[in-house]
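Enquirer: Please see the structure below; I have some questions.
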Amino acid sequence: MIYDGIIVGAGHAGVEAALAMAKMKLNTLLITGDLTKVATLPCNPSIGGPAKGIVVREIDALGGQMAKSADLSQIQMKMLNPSKGPAVRALRAQIDKLKYPKVMLDVLQNTPNLTLLQGFVDTLIVEDNTVKGVNLEDGSQVFAQTVIITTGTYLGSQILIGHEKTSSGPNGERTTRGISNQLKNLGFEMLRLKTGTPPRIARDSIDYSKTVPQPGDGVFQTFSHDSPITDLGHQEFSYLIHTSPDTKDIIFNNLDASAMYGGVVEGVGPRYCPSIEDKFVRFKDKDRHQIFIEPESMDLNEMYIQGLSTSMPKHIQEQMVRSLPGMENARIVRYAYAIEYDAINPRQLYQSLETKVIHNLFCAGQINGTSGYEEAAGQGLMAGINAGLKVQGKKPLVLKRDEAYIGVLIDDLITKGTSEPYRLLTSRAEHRLLLRNDNADIRLRDYGYQIGLVDDATYERFEHKKIALKEMIERAKSTKINPTEENLNYLASVNSSPIYEGVTVFKLLERPELKIETLKHFLPSDYNHEIYEQLEIYIKYDGYIEKARREADKLLRYESRFIPNDINYHSIHNISAEAKEKLSKIKPETLGQATRILGVGPTDVSMLLVYLEAKNA
């Protein structure tokens with residue numbers, strides 16, 4: 001039989017891609033080396049964080065799975081930056097790393113149109129620059145209309161501890177070389193990247209009296225807009241400590257022993273998740289660095305030491321760990337390591353995540369040069385959607401930079417490329433006030449429903465929410481608060497100045513000191529906290545949001561101006577030589593994308609626009 005889509009690898013990108021295609025009623029095959037290890041968390045036991053938490057919400061709005069699985073597996077939930085503006089708020093959860101893969105496997109096994117196969121892919125079947133399927137290591141072949149590669153850090157991977165180098169994937173699992181070599185031979189530009197993970201410490205060997213406990217928020221909040229949970233359950237603590245002067249001395253005295261500084265590492269590491277060696281070398285003026293001790297699972301006697309990623313030899317790791325407060329007698333359960341792996345140059349991808357080199361071949365996740373579970377899952381979802389749309393003969397779904405962080409991520413990758421593991425940051429999004437944690441469903445739910453990933457019941461609840469929000473906005477504008485004794489006493493109780501004449505709730509809530517509680521006091525209803533949160537943001541930031549929307553709309557004419565793929569840039573007059581070279585290499589799909597290419601200036605864009613208009617005249 002010929003499948004509609006084959007997904008190679010069942011990490012965070014692979015499972016989202018497979019579920020998306022299957023939900024689109026397409027015959028889908030997901031191949032992975034070990035079905036008990038789908039969507040594992042080989043590094044940090046957490047999901048979410050700045051920008052990343054919003055990506056998880058976006059995945060959920062589009063009909064993906066990560067948010068629901070995270071809610072079911074969380075052991076601590078926290079809203080980051082709650083006192084700051086809504087543009088930078090984001091959820092972060094500690095995840096039970098044993099439970100999360102089980103939850104995801106259960107979803108995969110119960111999804112219609114999805115077949116799971118435990119096995120190893122050796123190479124792709126490619127004919128006439130078009131992928132036709134895959135060759136398995138056992139000699140069998142499987143054919144499909146599309147193939148999505150989501151191999152994570154397993155392509156040509158090597159584990160590095162000190163000067164020891166082992167051919168292996170994360171946690172001693174198998175690496176794969178066949179696909180990596182084949183991609184190179186097919187004309188893909190390969191990158192060599194590096195990431196790392198810290199040691200894991202026995203939970204019962206830590207003296208917690210020397211740490212600062214870090215609890216969750218203690219309030220019910222979820223990643224999913226339609227969460228399968230109704231309470232958070234037992235919440236674990238994380239713990240904060242700092243490195244000691246001894247830690248710094250141990251590192252500087254042994255830098256040559258590190259894989260990173262001993263010349264063993266070839267790959268480029270992540271700028272925003274440096275090793276502890278990197279932190280001390282790059283920031284010599286800092287005497288200490290934060291370390292967070294985080295639980296890995298309710299059922300594991302292991303704690304994750306965030307901030308202590310290293311490639312030092314094991315005996316140096318022992319010294320480093322025992323130099324930390326509360327870790328004087330700590331036992332290392334698993335040692336830290338660095339891992340090198342192959343990735344492709346993401347500028348060889350279209351915005352749909354289909355490759356420019358081989359037709360019907362899509363790539364998603366760390367193979368595209370990103371870091372992080374959330375970035376991988378977002379790409380996997382989009383690759384699955386667009387592979388499905390291609391099978392259905394429809395246009396790809398391309399999320400714009402003012403629509404989603406996922407859109408920012410993909411646009412950055414395919415336009416600017418990367419020479420190091422790419423991490424999504426709030427600062428990368430110029431329209432971040434539009435891309436908030438609270439409004440992911442408003443931005444993206446319609447797309448998920450139209451494609452077939454969001455069911456009727458879920459969409460109906462979303463429609464009711466929009467109606468409720470509209471009703472509450474009208475109530476806030478029409479409900480007048482008069483200076484009665486009761487109202488004046490209430491305002492005094494929340495440290496707000498008195499009113500001297502009637503004022504609407506909408507106008508009153510423009511006061512910075514008044515929050516959601518005031519809305520609930522003056523506009524009581526049966527609606528949930530989410531409605532009140534969005535109402536508060538609408539009232540307080542309406543002017544700013546409208547301004548951001550107008551600025552985004554100005555750029556829309558460039559984003560919607562498509563550029564033919566066969567255009568000869570060298571024939572266009574008055575464009576700089578550098579711009580011609582960059583445009584010819586990257587082949588931007590829209591004028592908007594062309595504006596973001598390094599080396600393409602405003603004059604070049606203007607001349608390109610003149611050329612396109614003359615050609616269409």
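Easy rule for this one: first residue shown is 1, then count along the chain.
Any Cβ shown, glycine's included, is placed from N, Cα and C.
Swiss-Prot lists GLY9, ALA10, GLY11, HIS12, ALA13, GLY14, VAL121, THR176, GLN366 with the feature FAD binding site. Per Swiss-Prot, NAD(+) binding site is recorded for 269-283.
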Enquirer: Taking only same-chain residues 6+ apart in sequence, whose CB is under 8 Å from that of GLY11 (FAD binding site), what do you get?
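Expert: Sequence-distant Cβ neighbours: VAL38, ALA39, THR40, THR150, THR151, GLY152, GLY365, ALA376.
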Enquirer: Tell me the Cα distance separating SER275 (NAD(+) binding site) from VAL121 (FAD binding site), rounded to the nearest angstrom.
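Expert: Per the Cα atoms, VAL121 (FAD binding site) and SER275 (NAD(+) binding site) stand 32 Å apart.
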Enquirer: Roughly how many Å separate the Cα of CYS273 (NAD(+) binding site) from that of GLN366 (FAD binding site), to the nearest whole number?
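Expert: So the alpha carbons of CYS273 (NAD(+) binding site) and GLN366 (FAD binding site) sit roughly 15 Å from each other.
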Enquirer: Tell me which residues of the chain lie with their Cβ under 8 angstroms from that of GLU277 (NAD(+) binding site), as long as they are six or more apart in sequence?
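Expert: Correct list: ILE251, LEU255, SER258, MET260, TYR261, THR310, SER311, MET312.
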Enquirer: Pick from ARG271, LYS279: which of these binding-site residues has the biggest number of other Cβ atoms within 10 Å of its Cβ?
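Expert: Compared across ARG271, LYS279, the most Cβ atoms within 10 Å surround LYS279.
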Enquirer: Can you tell me whether DSSP puts GLN366 (FAD binding site) in helix, strand or coil?
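Expert: GLN366 (FAD binding site) sits in a helix per DSSP.
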Enquirer: Using Cα coordinates, what distance in whole Å links PHE283 (NAD(+) binding site) and GLY9 (FAD binding site)?
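Expert: Rounded to the nearest whole number, the Cα-Cα distance is 38 Å.
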Enquirer: Expressed to the nearest Å, what is the distance separating SER275 (NAD(+) binding site) and GLY9 (FAD binding site) at their Cα atoms?
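Expert: Approximately 27 Å lies between the Cα of SER275 (NAD(+) binding site) and that of GLY9 (FAD binding site).
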Enquirer: Could you list the residues of the same chain, at least six apart in sequence, whose Cβ is under 8 A from the Cβ of GLY9 (FAD binding site)?
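Expert: Looking at Cβ-Cβ distances below 8 Å from GLY9 (FAD binding site), excluding near sequence neighbours, one finds ILE31, THR32, ILE149, THR150, THR151, GLY152, TYR154, GLY365.
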Enquirer: Taking Cα atoms as reference points, which of the binding-site residues ARG271, LYS279, VAL281 is nearest to GLN366 (FAD binding site)?
Expert: ARG271
Enquirer: Using Cβ atoms only, which residues of the same chain lie under 8 Å from ALA13 (FAD binding site) while being at least 6 residues apart in sequence?
Expert: THR150, GLY152, ALA364, GLY365, GLN366, ALA376, ALA377, GLN379, GLY380, ALA383
Enquirer: I need the most crowded of these binding-site residues: VAL121, VAL281. Count other C-beta atoms within 10 angstroms of each C-beta and give me the top one.
Expert: VAL121
Enquirer: With the FAD site defined by the record as GLY9, ALA10, GLY11, HIS12, ALA13, GLY14, VAL121, THR176, GLN366, how many Å span the farthest pair of C-alpha atoms?
Expert: 18
Enquirer: Enter the number of other CB atoms within 10 angstroms of the CB of GLN366 (FAD binding site).
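Expert: Excluding its own Cβ, GLN366 (FAD binding site) sees 30 Cβ atoms within 10 Å.
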